[in-house]
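Q: After the structure tokens below, expect a handful of questions from me.
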Amino acid sequence: MVKTNTNKLTDDQISEIKESFDMFKSDNGKLDNDQIKYAFKALGCEITEETLELIKKKGQKSISFNSFFELVSPYIPKRDSMSTLEQAFKLFVKDGSGITFKDLKKVAINIGEECSDSDLYDMIEFADTDGDGVINKSEFISLMTTKKVL
């Protein structure tokens, strides 16, 4: 695995890596190979099959946050933020038309997130600013670039 200088990453980038890891991790607190791929894509990065094979050859069935951080952090400064958001959008929908309830439910199931149908509909309603029942790319980008205020 690649060692990196965390000084090259901003606090926001480090938080983003942690959020991606937390979103896809298993109950054991680690990522398996499929979850690693999803977490990379959510960050707008692509992991090579060769890298995944190296992980397997080391006998690892899953990796910890520290290993994931070392693996993904060299990719973070090189990515373009708009293409990152477009990659994340594509995680939800394959045809590019928008994120539907069905798409959101499928992703929730794939990442092991237990959400009620009501919660999923609330998420869509919150992000769907034009009221058509679908989260289009611009709504998704707007949602993802809005600072959370707590």
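Counting begins at 1 with the first residue displayed.
For all residues, glycine too, the Cβ spot is worked out from N, Cα and C.
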Q: Could you look at GLU114, GLU139 and say which one Swiss-Prot places alongside ASP128, ASP130, ASP132 in the Ca(2+) site?
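A: The one candidate that Swiss-Prot places in that Ca(2+) site: GLU139.
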Q: Would you identify the secondary structure of GLU139 (Ca(2+) binding site) according to DSSP, in three states?
A: helix
Q: With DSSP helix as H/G/I and strand as E/B, how many residues of the domain 'EF-hand 3' (115-150) fall in helix, strand and coil?
A: 20 helix, 1 strand, 15 coil
Q: Can you break down the domain 'EF-hand 1' (12-46) into helix, strand and coil residue counts using DSSP?
A: 23 helix, 2 strand, 10 coil
